Amino acid sequence: NLHANGASFFFICIYMHIGRGLYYGSYTYKETWNIGVVLFLLVMMTAFVGYVLPWGQMSFWGATVITNLLSAVPYIGDSLVQWIWGGFSVDNATLTRFFAFHFLLPFAIIAATILHALFLHETGSNNPIGLNSDADKISFHPYFSYKDLLRFIILLTLLASLALFSPNLLRDPANFTPANPLLPPPHITPAWYFLFAYAILRSIPTTLRRVLPLLFSILLLLLVPLLHTSKQQRLTFRPISQMLFWILLPHVLLLPWIGRMPVEDPFI
């Protein structure tokens, strides 16, 4: 319970971090930003293989649907799917290797996090005003350490409250039903943090056409540094860019809601 809800809170922090990076122009630190995108992909992979491990209905059929997308790879697609499955269907071999991936991938995440922090410390971070803050530097302790400690306590309090009072608020109760390979659920719904990509995925009929927008929904972040043409780094003094950012936000929030709805008009 704490592990699953902790993952949800982790993704909330990640999405806020990406949003903050877009607003304040952190993508101008290209190396840090690109490593961050790779880090995000690693976290998504870890969360996906972890979501399969409870072996409920949503876990089983989610694994079947998502891994089947690899069949869109030309020439080696079918072989790749069978290699991932460890057989001709999602079975115990799949579960074993997904458990191994869920154990090993966090080590890759730690390595990428160290690189992410290393490149950030090469340039230093920015601030909302956009001025050089070297003259205002103060010691990390006690000022920043107490500030971070307060936020950490608030986050832990919210996580504990969710885990104790509403443990299934961010999870699908259908996943408590044991996996049945013969009976697919009427509506396959992945974890909420995948829903933005799932909404894009299910709106396109052809497998290959599904896979490309699914990948680009995340890899598009790599293009953001190349599209920056303004002389100002952040959106603080760019009202038109601010307006576009705040138009983008409700669309991003709308996608998970659409992904949770049944596969019928008008949600397709």
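From the backbone N, Cα and C atoms, a Cβ is placed for every residue, glycine too.
Feature annotations, reproduced from TrEMBL:
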- 1-129: domain 'Cytochrome b/b6 N-terminal region profile' (DOMAIN)
- 6-23: transmembrane segment (TRANSMEM)
- 35-53: transmembrane segment (TRANSMEM)
- 59-77: transmembrane segment (TRANSMEM)
- 98-119: transmembrane segment (TRANSMEM)
- 130-268: domain 'Cytochrome b/b6 C-terminal region profile' (DOMAIN)
- 149-170: transmembrane segment (TRANSMEM)
- 182-201: transmembrane segment (TRANSMEM)
- 207-228: transmembrane segment (TRANSMEM)
- 240-259: transmembrane segment (TRANSMEM)
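Taking every listed stretch (98-119, 149-170, 182-201, 240-259) in turn, the largest tally of C-beta pairs under 8 A with the transmembrane segment (59-77) is reached by 182-201. Tallying C-beta pairs under 8 angstroms between the transmembrane segment (6-23) and each of 35-53, 182-201, 240-259 places 35-53 first. Within its own chain, the transmembrane segment (98-119) has Cβ neighbours under 8 Å at 29, 31-32, 35-36, 38-39, 42-43, 45-46, 49-50, 52-53, 63, counting only residues six or more beyond its boundaries. Regional average pLDDT for the domain 'Cytochrome b/b6 N-terminal region profile' (1-129) in the model is 95. For the domain 'Cytochrome b/b6 N-terminal region profile' (1-129), the DSSP counts in helix, strand and coil order read 105 helix, 1 strand, 23 coil.
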